[in-house]
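Now, the feature entries from Swiss-Prot:
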- 9-29: transmembrane segment (TRANSMEM)
- 100-186: domain 'PDZ' (DOMAIN)
- 187-336: domain 'Lon proteolytic' (DOMAIN)
- S234: active site (ACT_SITE)
- K279: active site (ACT_SITE)
Amino acid sequence: MLRKKHFSWMLVILILIAVLSFIKLPYYITKPGEATELASLIKVEGGYPEKGSLSLMTVKVGPANPFTYVWAKMHPYYEIVPDESIKEEGESDKEYMKRQLQMMKSSQENAVIAAYQKAGKKVSYSFNGIYASSVVENMPAKGKIEVGDKIISADGKNYQSAEKLIDYISSKKAGDKVTLKIEREEKEKRVTLTLKQFPDEPDRAGIGVSLYTDRNVKVEPDIDFEIENIGGPSAGLMMSLEIYNQLTKPDETKGYDIAGTGTIDVDGKVGPIGGIDQKVVAADKAGKDIFFAPNQNGASNSDYKNAVKTAKDIDSNMKIVPVDTMQDAIDYLNKLKAKST
């Protein structure tokens with residue numbers, strides 16, 4: 001009888017868990033992802049091999065249900081974020097992934113241009129425009145800018161990359177205005193927006209729109225990407241280092257397993273990303289030796305400083321290295337002695 005009662009309770013619990021797993025909450029759960037070595041995903045024709053490795057970092061994202069919500073509450077480095085922080089209002093999963101993959105494509109192009117220029121190799125590109133890929137809820141661009149809008153100019157000045165335009169807008173402060181000339185459905189219009197502080201980043205002000213650059217890139221030697229189902233712009237730095245390492249001698253890794261994160265622009269400037277603590281945790285779990293983190297020119301709440309804190313909290317032996325540019329990372333690697341075996 002006791003065994004039957006025990007079995008009944010177990011069955012009830014299993015059914016309850018199954019039912020709860022199908023209840024969608026208005027949240028997403030983010031958690032540490034994986035370290036993915038880039039040598040097998042990026043192939044430069046005639047590229048040089050490496051003794052160590054260069055890896056991009058991912059954060060896993062999934063919809064929350066009551067079960068995963070409670071689970072996330074009990075685990076460090078799991079974060080519960082509102083739907084609107086991940087997806088736009090009315091955006092389907094397919095549309096969200098398309099947007100993420102578009103940002104990855106733009107990031108790959110930036111990495112290629114930065115690396116080939118740094119290595120002194122042939123690279124040329126034509127500019128097709130800057131486009132809006134997402135609009136943040138409760139920010140000035142909401143209702144004024146739509147996904148797919150082409151941004152022609154800001155305050156009368158044209159820009160040749162999303163990064164340069166973002167830098168210009170970021171140079172302003174909360175309360176300042178910016179006038180954008182946009183094209184939507186083959187019609188041009190002007191919108192004036194007043195910058196506002198980001199709710200989760202009070203040190204930063206902006207209009208709340210994500211942008212990407214559309215361009216055609218030609219290089220010599222040829223390069224091939226085999227990165228699938230990984231979206232977003234945060235792998236830019238590590239992709240640029242992998243490409244550069246395949247284009248040049250000697251091997252920059254010197255036998256070390258190197259991870260890192262950060263956006264990249266065509267000039268090799270490194271930008272901040274999200275989920276730095278989760279990426280540090282994932283890199284440590286993967287046994288990486290070195291982790292490059294955006295320094296943001298020494299900002300008080302930079303990704304680098306948060307990465308250092310996380311590494312200390314989890315008692316990691318990884319060396320956390322601050323970088324503002326691709327060249328900073330190369331300079332650091334050039335000074336390293338080869339890893340002893």
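Here the Cβ of each residue, glycine as well, is placed from N, Cα and C on the backbone.
The Cβ of K279 (active site) has 29 neighbouring Cβ atoms from other residues within 10 Å, across all protein chains displayed. This prediction places the mean pLDDT of the domain 'Lon proteolytic' (187-336) at 95. In the three-state DSSP assignment, the secondary structure recorded for K279 (active site) is helix. Among residues of the same chain six or more beyond the transmembrane segment (9-29), those with a C-beta under 8 A of the stretch's C-beta atoms are 61-69, 72, 78-83, 85-86. The Cβ of S234 (active site) has 29 neighbouring Cβ atoms from other residues within 10 Å, across all protein chains displayed. Separation of the C-alpha atoms of S234 (active site) and K279 (active site): 11 Å, rounded to the nearest whole number.
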